[in-house]
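Okay, so here's the structure we're looking at.
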Amino acid sequence: MTLRVGVLGARGRMGLEVCKAVDAAPDLELVAMIDQGDVLFSASDNHAEVLVDFTTPDVVMDNLRWAIERGISAVVGTTGFTDDRLAQVRAWLAEKPEVGVLIAPNFGIAAVLMMQFAAKAARYFESAEIIEQHHPRKLDAPSGTATRTAQLIAAAREEAGLAPMPDATKEEVDGARGASINGVRVHAVRAAGLLAHQEVIFGTDGELLTIRHDSLDRVSFMPGVLLAVRNVQKHPGLTIGIDSLLD
Ligand SMILES: NC(=O)c1ccc[n+]([C@@H]2O[C@H](COP(=O)([O-])OP(=O)(O)OC[C@H]3O[C@@H](n4cnc5c(N)ncnc54)[C@H](O)[C@@H]3O)[C@@H](O)[C@H]2O)c1
Ligand SMILES: O=C(O)C1=N[C@H](C(=O)O)CCC1
């Protein structure tokens, strides 16, 4: 028995890669490819059991509501998930308790480890800042990965009872110190030639630690996406990140 998978955003940079990966997996069947309302391919007798969404932050909520209402589980890589959006997804899922939705800001295994290492390191350093670097066609800033990393660092600092980070700087130009996410500064670089990269810089007296992750090819995200596709139905409700699937 194969698991029937549909891909939303199938013409996009990630969607194309996901279609290839699903097509190549013997236990998965690519039954639908949809992009901006165009059905590029549909095996009409076999509706999707799991939808994968790599679209844009402005359409992903409509896609998710559509899937959940129809009892279809979803794996979502699209970014832009605020706390309010996550609360809305949980509310929809409460009406369909059998449905699983997994939303991950980054499906790269090394990226997941980078976030875990950053969360572990956070309590030992006075200062922490994030520099994310992406291709210039990326629609959102900061990246979902940087936002998640900042949230994890902030939570670890709070749990350890750390004081606010030392910073006497007055911004002479708006934005010079980046965005603040829960008190953690995040700087977004966009440049041709980049794909998806992040540095987390930790500092304390006389010592620095830099944790760096580089996605050099979108194939890097595929093992994580396929892991989520294969497991999402076994995890009803909302799951954030693929960490729990890796343990
Ligand atoms: N979680 C991760 O590991 C990860 C990795 C890479 C990218 N992303 C995120 O995935 C998203 C997509 O990235 P991308 O680089 O592939 O973007 P992209 O612009 O190349 O692709 C998005 C695609 O979605 C399509 N689309 C728009 N509205 C749609 C709708 N209503 N229904 C179906 N398709 C629709 C567009 O036509 C486009 O082809 C972004 O939010 C990006 O940040 C996440
Ligand atoms: O290319 C993108 O866009 C990426 N988006 C994700 C993010 O915002 O963190 C993951 C990395 C690639």
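Cβ atoms are placed via backbone N, Cα and C, with glycine included.
Unlike curated records, TrEMBL annotations are generated automatically.
According to TrEMBL, the active site, proton donor/acceptor annotation covers His134. Under the heading active site, proton donor, TrEMBL lists Lys138. Residues or ranges marked as NAD(+) binding site by TrEMBL: Gly9, Ala10, Arg11, Gly12, Arg13, Met14, Asp35, Gly77, Thr78, Thr79, Ala104, Pro105, Asn106, Phe107. Annotation comment: TrEMBL describes His135, Gly144, Thr145 as (S)-2,3,4,5-tetrahydrodipicolinate binding site. What TrEMBL lists as domain 'Dihydrodipicolinate reductase N-terminal' is 4-107. Feature annotation from TrEMBL assigns domain 'Dihydrodipicolinate reductase C-terminal' to 111-245.
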Distance from Arg11 (NAD(+) binding site) back to His135 ((S)-2,3,4,5-tetrahydrodipicolinate binding site), taken between C-alpha atoms, in Å: 18
Sequence-ordered recorded positions from Arg11, Asp35, Lys138, Thr145 with Cβ under 6 Å of an atom of ligand 2: Lys138, Thr145
Winner by Cβ contact number (other Cβ atoms within 10 Å) across the binding-site residues Gly9, Gly144: Gly9
Distance [Cα-Cα, Å, rounded] between Ala104 (NAD(+) binding site) and Thr145 ((S)-2,3,4,5-tetrahydrodipicolinate binding site): 9
In sequence order, those recorded positions of Gly9, His134, His135, Thr145 whose CB lies under 6 Å from ligand 1: Gly9
Alpha-carbon distance [Asp35 (NAD(+) binding site); His134 (active site, proton donor/acceptor)] in Å: 23
8 Å Cβ shell about His135, Gly144, Thr145 centroid, (S)-2,3,4,5-tetrahydrodipicolinate site members excluded: Thr79, Pro105, Asn106, Glu132, His134, Lys138, Asp140, Ser143, Ala146, Ala196
Among Arg13, His134, Lys138, which are recorded positions, the residue with the most C-beta atoms within 10 angstroms of its C-beta: His134
Secondary structure at the residue listed as 'active site, proton donor', reduced by DSSP to three states: coil
Model confidence over the domain 'Dihydrodipicolinate reductase C-terminal' (111-245) (mean pLDDT, whole number): 98
Cα-to-Cα gap, Asp35 (NAD(+) binding site) vs Lys138 (active site, proton donor), nearest whole Å: 17
Where Arg13 (NAD(+) binding site) sits in the secondary structure, as DSSP reduces it to three classes: helix
